[in-house]
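Engineer: According to TrEMBL, the protein carries these features:
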DOMAIN    376-421  domain 'TFIIH C1-like'
REGION    1-20  region 'Disordered'
ZN_FING   302-319  zinc finger
Amino acid sequence: MYAQAARARARKQVDVDKDDDELKRAKEAYAWESSNVRSWDQIEEDPETGKLKSFVREKQIARKRSRDDGFTGVRRGIIRFCVLIIDMSEHVRATDLKPSRADLFCESVSSFAKEYFDQNPISQLSVVMTRDYEAIKLSSFSSNEKHHIEAMRKALRLGPSGAASLQNALKIANKNLSTVPPYAMKEVIVCYGSLSTCDPGDIHATINLLASSKVRCSAVGLGAELHILRVLTKSTNGTYSIAMNEEHFRDSLGSHVIPPPTTTKQVSASLIRMGYPILQRIDEPTLYCNNPSVRGRLGYNCPRCSGWLSEMPCECTLCGLTLVSSPHLARSYHHLFPVPKFISLETSDLDLRLQSKEDEAKFAKAMKLLPIDVLRCTGCAKLLEKEASLRLLCPSCVKVFCVDCDAFVHDSLHHCPGCGV
């Protein structure tokens, strides 16, 4: 009997030890299976104390607030025609960026396409891939993000191969942009992972041709800076950035979602004829439809030629009229009238603001209405943290917001809820 009890206690102890080991392994798995595989990127030296400190939270806040100051009066192009050049050469097989450079390209471009059409619904996008010393057009100009996402899946199925040819890709991009109307912005964004380019001719002549055609070329590179990409972006008034990690690459590519400032030399101001069709049910089959699956179902009727189309925004396949809706124009115009940047309620800066009663009377009024220790976010109504850097004030309505609501207002909503009350 005593032996059986001892064996039972031993088995119970073994089970407890197994549970502890499994829990320990689960905790260890959470550490190394997370996306932050390079833990040294999360540690920096504190400039005040000289000690190593984790700046993950500070980096997240800085990334959420890393946006333009939202200056008004800046001319931007509303209708954009953008060609996205993807490097799928042998160099993007490298796994320095997880899971690989090719997978990162495809994943980031798919996310970029969704965000691009969300912020620029009446713009169009095209995807060009370069591999095996040549360039291939994967998708034509379209406002349907599904076409471009499927094009990136096709590129991933083909896989990286050979060497990249930047000149061939730029030639295809320039040919596609040659038919763009003069009132639209012509852009090229290059996602490049190679350290060289194999071209059949003089690439500088191609760059001069793009510059004379008023095409703005920007580039996001991996690994190291290329002189030819620097020349390309400088000659066409574009931007060039080198990604340090996966998150930096997504942020660099996502910075091109907002339309860049333009001048009268780049884009001419002109009136554009547009149509505003409504969604209707097609009772009888019609031949004037660009999609056979729409016949007998739902579609948009062109107000000029009465042709049926399956999606919006688009150009009528019969008469060429641009068809949009009022929400599309509203989402495009918010770039011209952005929400002003919220101001951080730092204690030192707040004292300086309250000293100037003429210019900062609104801040003094806000502080009287809302004590600084019991501030609540106007957007989500949660009690704000004690750190002043996490409290943000709208300069127009003097309402207080948290960091998350600040990012939501400037990145997605594009309208201050406090100003609309």
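Even glycines carry a Cβ here, placed using N, Cα and C.
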Engineer: What are the helix, strand and coil residue counts for the domain 'TFIIH C1-like' (376-421) according to DSSP?
Structural biologist: 14 helix, 6 strand, 26 coil
Engineer: Over the domain 'TFIIH C1-like' (376-421), work out the mean pLDDT and round it to an integer.
Structural biologist: 78
Engineer: Tally the residues of the zinc finger (302-319) by DSSP class, grouping H, G and I as helix, E and B as strand, and everything else as coil.
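Structural biologist: Per-class counts: 0 helix, 4 strand, 14 coil.
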